[in-house]
Every structure is written in C-alpha cells, then in structure tokens.
Amino acid sequence: MKADREPIVALTAYDYSFARAVDAAGVDVVLVGDSLGMVMQGHPDTVPVTLQEMAYHTRCVARGLERAYLMVDLPFLSDHDAASALTSSSVLMKEGRADMVKIEATAEQAPIVAALSAAGVPVCAHFGLRPQRVGQMGGYRVQGRSDAEAQAVLADARALEAAGADLLLVECLSASVAAQVQAAVSVPLIGIGAGVDCDGQILVLQDILGITPGRPPTFSHDFLADAGSIPDALAGYTQAVRARTFPRPEHGFQ
Ligand code: KIV
Ligand code: NA
C-alpha cells in the first residue's frame with residue numbers, strides 16, 4: 001500500500017462488537033491499544049495496564065475480525081528487555097491471536113525490536129510521543145519541534161527499520177518531521193497527530209465517536225457528529241483517510 005501510495009486506515013478497538021463494526025467498515029489495521037487503560041478502565045494514563053488485560057481484550061477483538069490485520073500493544077514494563085518482550089509477544093500472539101505487536105521504542109530499544117524480528121514476530125515500533133513514558137517525559141508534549149529532537153527522531157526511524165520493524169508509528173510529531181521520516185524509510189509509517197504525509201492514519205475509537213473522557217484531542221475528529229449511526233461514522237472515517245480528506249493540516253502540529 002505504501003508503494004502504491006494507498007492510505008492505510010487504522011483504528012483502535014477493544015471488544016467484540018466494535019471489532020465487528022470496525023472490520024465491516026473496511027479498516028485495514030485494528031489496534032488493541034493500551035489506551036484501553038483510559039477508555040475502558042478509567043485510568044489517567046496507560047501505565048497500569050497489564051499483559052493479561054491486553055490478552056483478554058485481544059481475544060475479544062480477534063473473534064470479531066474477518067479481514068482486518070490485528071495489531072496489539074505490549075503494555076508498559078512487559079517489554080523492557082528482549083526476553084520479556086518475547087514472552088509477552090508469545091502471550092499476545094498465541095492466546096490473543098495478534099498478527100503483530102507494537103512496542104514503544106526508540107533507537108535505544110532497537111536490540112529488543114531485533115530480537116522480536118529474529119524470532120519471527122511482526123513488529124510495529126511506536127515513537128515520537130511515547131505515552132508509557134509520560135512519567136519521564138513530564139507530560140504529553142509534541143515531539144520534533146527543535147532541530148535536535150527532529151534529528152533524533154529521524155535517527156530512531158532509521159535504527160528501528162534497520163532492526164527489523166515492519167511498521168513504524170509516530171504520535172504527536174511535528175508534521176514536517178513526520179514527512180521526513182516517511183521519505184526516509186521503506187516500511188509504512190502510520191501517524192496520529194503527525195500531519196498529512198504519513199502512509200496511514202490511526203485514531204482512538206472513542207475519540208471519533210465523540211465520547212472521549214475529558215477534552216477531545218485536537219488531532220482527532222468526531223465522525224459520529226457527521227453521521228447518523230456508528231456504522232456510518234466508522235465508514236466516514238475510513239473514507240476520509242482513503243480520500244486524504246482527513247487529516248487536514250490543522251489536525252497536525254507545524
Ligand atoms: O494505545 C493506543 O491507542 C495507541 C494509539 C494512540 C496509536 O497506541
Ligand atoms: Na498505545
């Protein structure tokens with residue numbers, strides 16, 4: 001799809017009913033995100049989510065999918081070294097039937113990505129803003145705004161691709177830096193709050209249905225407000241990403 005410049009549509013889901021609806025809407029990649037800590041469990045961040053909770057939601061979602069590719073997050077501290085990342089991936093792929101795991105990683109974690117790849121685990125590397133690191137990063141801040149940060153993000157992208165990442169995902173990243181990453185790597189780049197030039201887009205289900213707890217993120221859009229039903233809202237999101245009418249420049253960070 002990247003080679004054909006065909007936008008990749010990704011969306012989160014956490015349960016069987018929504019997995020079916022998201023699959024039916026034609027979403028290409030369904031993510032069981034550790035954002036379930038917030039939207040399913042009511043926590044302020046993703047830190048407390050456990051591997052067993054991820055596995056449970058993954059089993060529920062997997063039963064609802066017929067065609068979409070299933071990506072699942074490795075939760076905080078389930079992947080701090082190669083051995084733990086392999087054990088955790090085994091749970092998510094064998095019990096949960098995940099097709100791919102997603103790991104929050106920079107160049108520093110490239111050896112962990114390499115170990116997963118060598119073992120045959122399809123891997124997505126998530127960088128730019130890494131929500132599991134909120135305690136170290138001191139809040140949710142747009143990444144890549146200084147030259148030094150931009151160079152570091154580009155170096156991360158190259159190191160993660162070289163380590164065997166099959167997919168890259170960037171969150172809350174300066175749109176121009178995301179465009180440079182997209183051009184620098186041959187694997188697909190999925191963005192959230194990362195501008196219009198990524199190979200695909202992902203959003204959180206609750207955000208596009210207008211039921212986000214608290215203030216909705218500026219990079220998202222309430223597709224249910226434009227539609228008459230949940231299936232139409234999901235189809236509207238899919239069509240907007242495919243037609244490149246979402247995101248617009250104002251959804252990104254310059
Ligand atoms: O957990 C999640 O929903 C995510 C997306 C925001 C990419 O990681
Ligand atoms: Na996540």
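Note: Cβ is positioned from N, Cα and C throughout, glycine not excepted.
The active site, proton acceptor annotation in TrEMBL covers Glu171. The Mg(2+) binding site feature in TrEMBL is assigned to Asp34, Asp73, Glu104. TrEMBL lists Asp34, Ser35, Asp73, Lys102 with the feature 3-methyl-2-oxobutanoate binding site.
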To the nearest whole angstrom, what is the C-alpha distance linking Asp73 (Mg(2+) binding site) and Lys102 (3-methyl-2-oxobutanoate binding site)?
-> 5
Would you kindly give the Cα-Cα distance separating Lys102 (3-methyl-2-oxobutanoate binding site) and Asp34 (Mg(2+) binding site), rounded to the nearest Å?
-> 10
Around the 3-methyl-2-oxobutanoate site recorded as Asp34, Ser35, Asp73, Lys102, what other same-chain residues have a C-beta within 8 angstroms of the site's C-beta center?
-> Thr12, Leu31, Val32, Gly33, Leu36, Thr46, Val49, Met54, Val72, Leu74, Pro75, His126
Result for ligand 2 contact check over recorded positions Lys102, Glu104, Glu171 with Cβ cutoff under 6 A is none
Count of other CB atoms lying within 10 Å of the CB belonging to Ser35 (3-methyl-2-oxobutanoate binding site) | 21
Give the distance between the Cα atoms of Glu104 (Mg(2+) binding site) and Ser35 (3-methyl-2-oxobutanoate binding site), rounded to the nearest whole Å.
-> 13
Roughly how many angstrom lie between the C-alpha atoms of Ser35 (3-methyl-2-oxobutanoate binding site) and Glu171 (active site, proton acceptor)?
-> 13
Are there any residues in the same chain, six or more apart in sequence, whose C-beta is under 8 angstroms from the C-beta of Lys102 (3-methyl-2-oxobutanoate binding site), and if so which?
-> Leu31, Met71, Val72, Asp73, Leu74, Val123, Cys124, Ala125, His126, Leu169
The number of other Cβ atoms within 10 Å of the Cβ of Glu171 (active site, proton acceptor), counted over all protein chains shown, is 22
Which site among Asp34, Glu104 has the most other CB atoms no more than 10 Å from its CB, taking these as binding-site residues?
-> Asp34
Per DSSP, to which secondary structure element type does Asp34 (Mg(2+) binding site) belong, with helix, strand and coil as the options?
-> coil
